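J.: Pulled the feature table from Swiss-Prot, pasting it below:
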| type | residues | note |
| --- | --- | --- |
| BINDING | 18, 20, 45, 66, 91, 113 | S-adenosyl-L-methionine binding site |
């Protein structure tokens, strides 16, 4: 039997499809999401409706974003979900979540079992809409969740950690084994909750500057910042900010990255592109 077929649908590798089928795991995720009637719930990648059905049971309306044409068509004709659903058959990377929030009249509650091949770029896309999002619950590769929650001085800490924690409070919810999926992925999975900060703990003047600094620092993470960021900061400037030039990218806190970004915004602002 082909273990890529589930409920009559052949999982497409190019869409990174792995379908959740463990009832205990599904119930645990739905409990963590705790959907309520009247909320603007949005699911990314509903697939074969493993989460869509139990979430939809609790709601009058549910918005879903599904790239796979066949799966979108199945949802359209779903016996009890169909009338409740607003289906966008498109790539979530092209979705304007700000416009969607405005249409629905409130901040979005976004959830989904995300395709692992696009999870990181999709996170960055969603971070740009955090003012339109109340919270997010995602199933991700466990290694990605570890990176999202990691603090300084750890191997998992990187650009994704800094940017996620700049925008959101990041809370691990539960770990999920490969056996909970069809076909089973080759990696462990985990569910994470991301809650955009109501008030930014470390506001930056220009997010593009923070993005540039973290990219340059972590692209050369084995170098000291004296070297990796030497084109942006002198040793004297780093020292004045209380940042040791001998530290590496992984030793610098989110607050310190934001401090560096604001210094650069004030003293060498990026030109408008």
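Positions of Cβ are set from backbone N, Cα and C atoms, glycine also.
In terms of burial and nearby residues, how do these features look in this structure?
T.: Taking a C-beta cut-off of under 8 Å and a sequence gap of six or more, residue 113 (S-adenosyl-L-methionine binding site) has these contacts in its own chain: 18, 20, 45, 47, 50, 51, 138, 139.
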J.: Ranked by the number of other Cβ atoms within 10 Å of their own Cβ, which of the binding-site residues 66, 91 ranks first?
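T.: That would be 66, with the most Cβ atoms nearby.
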J.: Enter the number of other CB atoms within 10 angstroms of the CB of residue 20 (S-adenosyl-L-methionine binding site).
T.: 21
